[in-house]
Each structure stands twice: as structure tokens, then as C-alpha cells.
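Single-structure report; data block below.
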């Protein structure tokens, strides 16, 4: 009894369906998107760091707070036609003040948008 049994090797190729290709492409795109996000956020933080002391830096005009003087008075004096609340918000942001109270002798940088018009 000699039965010839032939074993054929079955060779299968990997076939991705359309859905599989979409999932595979999406998974490959996640690291690329993460890197792009990190680079974008890093560049944004660098531009918000403020002026440098180098030769290309921005210069500001400054005001020294007098006894009894408030940010409201400073805002009204540098921008009489603007809303003082907006000017105060810019001064606080520019000088990185934690609160809106100032002390006599404190030196504050003024926003360029208000000092350039003078």
C-alpha cells in the first residue's frame, strides 16, 4: 500500500482590507502627529518668552509707580482714549504681575501699542 500523499505547502499572503489599511495608516500617523504637536508647542513657548537683552531685543518705556498711584491711573495716563481695563490687563501680562496691586517705587514696562502713539 503505497499511497502517495503529497503535502502541498500552502502559502498565504497577508491581505489587508480597506478598513485594515485605514487603521494601519492611522496607527502610523499617531507618532508623527505627536512629534508635530510637540514641535509646535515648543515653538509657541519660545516666541512667548519675551524680549531678549541681545542687540535685536525689544525696548520698552517704563513708568515708576508713585505713592498712592494705581494701575487704573497709569492706564488712563498712557492711553486716555482706550478702555483702562484692557490697558491694565496688558500691563499685568507684560510685567507678569500676579495681582493688580502695585507698590510705590515699582518699575513697570508699558505696552508698546500705547507708548508708540505718543
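Backbone N, Cα and C atoms are what each Cβ position is placed from, and that goes for glycine too.
The following features are taken from TrEMBL:
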| type | residues | note |
| --- | --- | --- |
| TRANSMEM | 21-41 | transmembrane segment |
| DOMAIN | 62-111 | domain 'LysM' |
- Query: For the domain 'LysM' (62-111), what are the DSSP-based totals of helix, strand and coil residues?
  - Reply: 20 helix, 6 strand, 24 coil
- pLDDT averaged over every residue in the domain 'LysM' (62-111): 89
